[in-house]
Structures are given as structure tokens and as C-alpha cells.
Amino acid sequence: MQVSTAALAVLLCTMALCNQFSASLAADTPTACCFSYISRQIPQNFIADYFETSSQCSKPSVIFLTKRGRQVCADPSEEWVQKYVSDLELSA
């Protein structure tokens, strides 16, 4: 009976360590960040969706997803970017 208790204890410790390891990996998961913005306005009909970058990024950004599957970094303080985001929210 002691062997099965010891085996159970080892199993529980192993599971706890695995959970800690996977939790730390999830916290370090890379996120999409922008280091520069597009210099010109892109046509709104090219845009399919958008998301905002993580607060962990050094530069706040909006990333537009085009209908062709490309990601375009844009400055969230630009008026056209705010309009596109607003329009996408209304159409969702």
C-alpha cells in the first residue's frame, strides 16, 4: 500500500510541475506588435477585420486584416484608423 501512496504522491507532484510549466509558457506567448505604421491611408474596402495590439507592445497599434490575408499596422490616433475601427464595430 505504501508503494501506491508514494506513486500517487509522485504523480501529483509531476502534474503540479507540468501545470506550472504550461502556465508560464502561456504568459510568455508572443503577441503581435508593430514597430512602424503604414504611411498612407489604405482603401476601406480592402479591410476585412482588425485587432488592437497588446499593452505589452512598446507602440500602441491597430492591426487591420485585409481581405487578402495581410496584416497592416496603423496608428490608432489617425482619424481614418478610428473611422475604420468604428465602421467595423458597427458592422459586426
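Glycine is no exception: its Cβ is also placed from the backbone N, Cα and C atoms.
Since the structure is predicted, the reported quantities are computational estimates derived from the model, not experimental observations.
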Disulphide pairing with CYS33 per Swiss-Prot - partner from CYS57, CYS73: CYS57
Residue among CYS18, CYS34 that, according to Swiss-Prot, closes a disulfide with CYS73: CYS34
Neighbourhood of CYS57 (disulfide bond) by C-beta distance under 8 A, where only residues 6 or more apart in the same chain count: THR31, ALA32, CYS33, CYS34
